[in-house]
Amino acid sequence: MSNNDTLGNARIAVLGYGSQGRAHALNLRDSGLDVVVGLRKGGPSWEKASAEGFKVAEPGEAVKGADLVAVLTPDMVQADVYTQSIEPNIKPGAALLFAHGFNVHFKRIDPRKDIDVILVAPKGPGALVRTEYERGRGVPSIWAVYQDVSGQAEAKAHAYANGIGGGRAMLIKTDFKEETETDLFGEQAVLCGGASSLVQAGFETLVEAGYQPEIAYYEVLHELKLIVDLFYEGGITKMLQFVSETAQYGDYVSGPRVIDAGVKARMKDVLTDIQNGTFARNWIAEYEAGLPNYKKFKQADLEHPVEVVGAKLRARMPWLQPETAKQAG
Ligand code: NAD
Ligand code: MG
Ligand code: MG
Ligand code: MG
Ligand code: MG
């Protein structure tokens, strides 16, 4: 494609064919670029990528001859994939691309000194990266350069971001440290950790006070989507426009009582643990020990009473069928 001179004749190896890998591979191919998908033979995605028309090879084979290698396997296997398949095979002067900086920033991967190392991370799940591309649009993406040996690292990051559609929307420059630390903080303090703990605490408060779990579920979990959709479309401003005056007044006087200065101080502690490597060290040790605490915490979440009543209620809301829910990524 004309907007892609830098990678126009390049061979791109996409390692992994999950949420991001599949969307990137399809978009890059539709942008006229030459893509090979690298997967383990017999792994869960091999058949799918072949059926969707890609050349598929073992990761090491896919890396050989590639001018750009996109590492889109799960974060915790990337260090092994690097050591076994990338380091011995990647061409000098080629680019190694990540969608999350964790392994490079926390030095689990020490990239060879004769390659470019770049990052392109769309700010959305893979399904959206694909559907927006198909609509002729794209998902805003952030990009960074960690190592530039060719003098072309920035141009390669832009060309890749254009190839997946991000350039049609907006590209924001970042660095590996900022991307890694803010991504971890967001998911821990607000998105996954903060939001799920807020919902569980609200549900427990109502149920312990004697209210029905079904009613509590609707008030603190189900309706959260309506509020978050308003945030997503128009920020807190739009939420305030759409809720009642009573809800607004309650927000102003009670929100800061629940999420008070103590919460913010603990958010700073969480951020400190991310910045100084404590979180990464603990998570890597947990992963290498076979996930004993992770499994225990997960089981407790899955068995929480809000999940028990939620499963029952969602079964009576046909618009929440798995096909629809999957779009959320
Ligand atoms: P995923 O779990 O959806 O898919 C991983 C893929 O890698 C699968 O196809 C799997 O079969 C394959 N795989 C697993 N082990 C492998 C191995 N040893 N060798 C080769 N292939 C292997 O992963 P994802 O969510 O797409 O995440 C990929 C990267 O993108 C991560 O760095 C993640 O942080 C980043 N990211 C994800 C999102 C998102 O929306 N999911 C958003 C931004 C960035
Ligand atoms: Mg993120
Ligand atoms: Mg993340
Ligand atoms: Mg939680
Ligand atoms: Mg209500």
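One-based numbering along the chain as shown.
Every residue, even glycine, has its Cβ placed from backbone N, Cα and C.
Here TrEMBL has Tyr17, Gly18, Ser19, Gln20, Arg40, Ser45 binding NADP(+), and the candidate from Gly101, Gly124, Gly126 in that same listed site is Gly126. When the C-alpha distances from Ser19 (NADP(+) binding site) to the recorded positions His100, Asp183, Glu187, Glu219, Glu223 are tabulated, the minimum falls on His100.
When the binding-site residues Glu187, Glu219, Glu223 are compared by Cα distance to Gly126 (NADP(+) binding site), the shortest distance belongs to Glu187. Using CA atoms as reference points, the binding-site residues Gln20, Ser45, Glu187 were checked against His100 (active site), and the closest is Gln20. Counting every protein chain shown, 13 other Cβ atoms lie within 10 Å of the Cβ of Glu187 (Mg(2+) 1 binding site).
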